[in-house]
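Record features (TrEMBL):
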- 1-16: compositional bias 'Polar residues' (COMPBIAS)
- 1-29: region 'Disordered' (REGION)
- 208-240: repeat 'ANK' (REPEAT)
- 312-333: repeat 'ANK' (REPEAT)
- 407-519: domain 'PGG' (DOMAIN)
- 415-433: transmembrane segment (TRANSMEM)
- 454-479: transmembrane segment (TRANSMEM)
- 491-520: transmembrane segment (TRANSMEM)
- 590-609: transmembrane segment (TRANSMEM)
Amino acid sequence: MSSPQAETSPPSTASCATPRPLATSPSLRPALLRAARSGDERRLVKELLADPSAPDLETATTAGGNTLLHVAALLIASSPSTPSLRALTRATNKRGETALHNAVRGGHEAAARALAAADPGLAGLRGGAGETPIYMATAAGSLGMVRVLIKSYKYDDADEDEVPRLCSCTGPGRRTALHAAVLTSNVTEMTQELLQWNPALVKEVDDSGSTPLHYVASAGNISALKLLLRYDTSPAYVSDSNGLFPVHVAAKMGYGQLIYELCKHCPDSDEKLDGKGRNFLHIAVEYKKWKVVWHFCGTPELERMVNVMDYEGNTALHLAVKNADQMIVSLLMANKNVLPNIVNNKGLTALDLAVLATDKGMSYTLNPQVIILRCLAWTGAVLTPRRLDHFIDEFHIGKASGNELKKFSNIAQNLVVGSVLVSTVTFAAVFTLPGGTISDGHPHGGAPILSHRYTFKAFVMANTLAFVGSTLSTIWLTYAGSDHVHPLLRALYMFFSVVCMEQATRGMVAAFALGAYVVLSPVTERIAVVVCMSTIATLLLRNPSNWQLGFLFMPIKRRLGWRGAFKAHLPQQTRSRLTVGIGSNFACLILRRMLGMLFTYSFIFLLALL
């Protein structure tokens, strides 16, 4: 505990360029300070009457700038009528806060009730941080404290029936108590209490131009939204300083159900545009909120918005292509009302943007940009009419970028690690065959014991395929990563090395499953089957990007029907302008991938019959 001398000495100002004004204020007597902190009313009153020549209690402070009322805030609850204390209700400490601010911050309702009763206008005074006690209580989520303060509040010289001033419940950034209330845990009760006290709060905006409805839209609280809209729907038509309406904020956060409620109360919500001329569908697409797009699929609101262009001429489909969001592109293209060939202010269709976004050199065929390119091209999207040679020059088709050679080196370095590992494992497996070998004393000493079994032969073929594929991949990757080889040859080596590596990994997985089955089946065939079946997961999850091809099926089925997946719908003039090969149709793409697996397992299980 600090010594009495430390309590009575004024705060040091040696480190400050300008001394604080409160540093020259008279200090509270140590005995009086201890009595105030004790919470004993009799002791405090005795000390107050003990020294008539004591400093004026309205100016006497502690080293922290707190008056006697700040220190004895809890005592006020039991002694609100002490004349010396009531005179200090509006005294502020160094933070510019009254004793009521301290009582609210500490959650002391009794003290707050007594202080508010002694000075009805005290709850509307701002502290140094710009917070009134009413705002502080609301932000803290203290419903009881809010009820105490708004019940007793009355600003100076006000009539009994006059509506409370808005400044009585404001906080930093001109936020009102209602702005804070809609973000609390007990939002419904708090909001109802404040709106019954002052209904005008629902229309007030903060420094960013946001109403409480904007805050509700950002939080996604549907019950609070319904409550505010029952009082007044006009805030739904107020935009903030960025031009965003509450429905745009909800779309930005991805709250589809909340947007639906807004559209029920305000049927023209789909016509509200932000500062860039974008509706809430544009906003949802820009921030990749696919659930909002999915929520409104097939609704009248979506049908009215899908082809609306912003001030740059971009539809929602243009923005989805720019963001490389294959999920949203698929959802939009599955809607027949979406027109994929609308041209924006730059003269580009959605397919033009997809071509621009695709890597011009070596690229991964399951990248989102390529998936989007396939989705648009296979469902009837077209490029803007122009000369083919101009198109090639403008989009730099066939011209490798400066980073293309770096790609070869980086990919080769990464793949060669895996190929060498597979080669090492499969090479060692030849000398540690499952089931062991025949002893040396036998005429066939050293031969595999289980060589007569079909599953063992299949194991050998799978291991052979893995070894050959990984070895070839390692050799070709050496050429692909060499700067002395021409880029065209490096690309060719890279392609074949990737194909061989795929076969090698499939063979290694099959060799593991077959080897485990050969060893375990004589003992427990059920476990052997479980081990073999579990390896199927590696085939299904080997490349999660394969599942993204499912995004292509829905728009193809909706626009072209079931047979559309098996028909070639890519015109030659469009094919010649694309930067990557995408195949003729969806069925060919799937079949080509299945043929790779078919070759692997045909090689293993057919040659094992020899």
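Glycine residues also receive a Cβ, built from the backbone N, Cα and C atoms like all the rest.
Just so you know, TrEMBL annotations are computer predictions that nobody has curated.
These figures come from a predicted structure and were not determined experimentally.
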Sequence-distant residues near the transmembrane segment (454-479) by C-beta distance (under 8 Å, 6 or more away from its ends) are 412, 415-416, 419-420, 422-423, 425-427, 429-430, 433-435, 448, 485, 489-490, 493-494, 496-498, 500-508, 510-511, 514-515, 517-518, 521, 600, 603-605, 607-610
Helix-strand-coil residue split for the domain 'PGG' (407-519), DSSP-based | 83 helix, 2 strand, 28 coil
How many of the residues that make up the repeat 'ANK' (208-240) does DSSP mark as helix, as strand and as coil?
-> 22 helix, 0 strand, 11 coil
Secondary structure composition of the repeat 'ANK' (312-333) [DSSP: H/G/I, E/B, coil] | 15 helix, 0 strand, 7 coil
For the domain 'PGG' (407-519), what is the mean per-residue pLDDT, to the nearest integer?
-> 88
